[in-house]
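Engineer: Before I ask anything, let me first share the structure, which is written out below as structure tokens.
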């Protein structure tokens with residue numbers, strides 16, 4: 001292709017080298033922090049309930065009221081949704097690199113601040129915690145479109161899928177990291193202050209103010225990995241595709257990429273002008289041309305991510321029931337506050353280690369062989385199968401002797417979410433849209449995903465309540481029960497399978513070929529070629 005830019009071609013065919021791995025680590029540490037911050041709250045909500053909502057002389061330790069529980073866990077998701085849209089748009093306007101440092105600073109500051117949530121009354125502590133977690137989420141949201149876009153624009157076309165998936169796979173380590181930090185903090189406090197269980201002595205089982213530091217330490221630790229990578233983030237040059245195709249600066253791109261690739265790259269002023277000046281590379285997001293070329297693609301990436309996250313985030317609901325059911329977590333009154341943190345963290349760490357983390361790395365290993373489309377379709381298919389297999393004989397699974405089978409099936413569902421749509425929905429939007437809209441479109445797709453997460457985390461929190469008013473959790477109305485909730489999730493996963501058909505396969509092609517930035521008047525062939 002004579003019109004192709006030499007510098008972009010050089011990136012496309014570059015051998016995998018050190019700078020690819022440094023980019024994975026720098027972008028991946030952002031994701032490590034994202035996952036740590038989003039998931040560590042579920043480790044400490046029980047402790048918050050005990051500290052701030054235990055009534056004197058109650059038979060059981062306090063729990064967060066439903067509206068507070070929803071606010072504390074959900075406010076970060078709402079912040080993330082807003083951040084994805086805002087920073088996604090900003091990343092196309094100002095450049096990936098400038099915005100990238102900004103999101104990191106926001107994450108570090110708000111991680112620390114959420115641990116310093118001040119006030120003495122439960123209301124003020126929860127309000128300030130929610131405030132800082134919203135802005136923490138806002139920063140995390142920015143990391144999604146920027147990390148994906150930066151990695152995709154730096155990668156070569158042969159291993160691009162694996163590189164973007166590897167950045168995302170750091171999420172698995174973040175969840176694992178959250179569990180491990182909580183285990184360490186809980187063990188240290190437990191050894192220092194050996195306290196009785198709630199049954200034996202309600203007041204002594206909750207040692208204040210010492211145990212108030214536990215959740216604060218766990219939340220604040222999230223700032224560390226982000227702060228460590230700030231310097232390297234600032235040293236990264238702007239991506240070649242942004243500098244050439246959006247900022248239209250041919251000299252700068254040749255200079256930056258000569259350093260990165262360590263080869264001489266010529267300045268291609270005319271080509272850059274010709275490339276960016278043509279009609280087909282100037283249409284906007286809301287134009288008819290965009291709708292014609294990429295409209296269905298955007299519908300595909302948004303809908304699949306939305307449907308996947310409903311199922312993915314509803315897992316937190318069933319987790320505590322499942323752990324209690326198999327005896328990993330005894331009833332609250334049989335533990336002290338600190339033992340409860342320890343047991344919840346242990347359960348989350350084991351699930352992460354054996355089901356979450358391996359799923360991500362299966363995707364990394366196979367995505368450039370199997371392709372995005374096949375992995376996503378297969379993942380949704382198995383998630384559908386396992387959800388129905390859990391739901392239909394649900395009464396069978398609720399007997400003590402069948403619990404292990406239940407956990408195995410449950411873990412497999414999430415193994416196939418990660419070796420499946422959870423990874424691919426992140427990879428594809430970073431590849432198929434034109435450079436000047438890439439970060440925006442990834443942000444929109446990711447925000448659709450977070451909207452699904454909010455539905456999954458809250459909708460199902462209420463839906464999964466028992467139909468029998470005497471069996472609901474304190475403060476909740478009756479719902480449709482866990483069995484029906486699981487059937488609904490199976491249907492949602494099946495819908496994800498259907499919407500996957502709208503998403504094109506991007507394996508092994510250059511970004512410009514996928515987005516149609518370097519073609520004549522011919523149109524891109526649709527997916528399923």
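Heads up, the Cβ atoms here are built off N, Cα and C, so glycines get one too.
Pulled the feature table from TrEMBL, pasting it below:
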TRANSMEM  21-48  transmembrane segment
DOMAIN    23-508  domain 'Major facilitator superfamily (MFS) profile'
TRANSMEM  68-87  transmembrane segment
TRANSMEM  99-118  transmembrane segment
TRANSMEM  162-189  transmembrane segment
TRANSMEM  213-232  transmembrane segment
TRANSMEM  349-367  transmembrane segment
TRANSMEM  373-392  transmembrane segment
TRANSMEM  404-423  transmembrane segment
TRANSMEM  443-464  transmembrane segment
TRANSMEM  485-503  transmembrane segment
REGION    510-529  region 'Disordered'
Engineer: The transmembrane segment (21-48) vs the transmembrane segment (162-189): three or more C-beta pairs under 8 Å (separation of 6 or more)?
Structural biologist: yes
Engineer: In terms of Cβ proximity under 8 Å, which residues at least six beyond the ends of the transmembrane segment (349-367) contact it?
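Structural biologist: Same-chain contacts beyond the flanks: 161-162, 165-166, 168-169, 171-173, 175-176, 179-180, 183, 319, 375, 411-412, 414-420, 422-424, 427, 507.
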Engineer: Could you tell me what the rest of the chain brings near the transmembrane segment (404-423), counting residues at least six beyond its ends with Cβ under 8 Å?
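Structural biologist: 165, 168-169, 172, 304-305, 308, 311-312, 315, 318, 322, 325-326, 351, 354-356, 358-360, 362-364, 366-367, 375-376, 378-380, 382-383, 386-387, 389-390, 397, 496, 500.
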Engineer: Ranking 213-232, 373-392, 443-464, 485-503 by Cβ pairs under 8 Å to the transmembrane segment (162-189), which is first?
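Structural biologist: Looking at each of 213-232, 373-392, 443-464, 485-503 in turn, the most contacts to the transmembrane segment (162-189) are made by 213-232.
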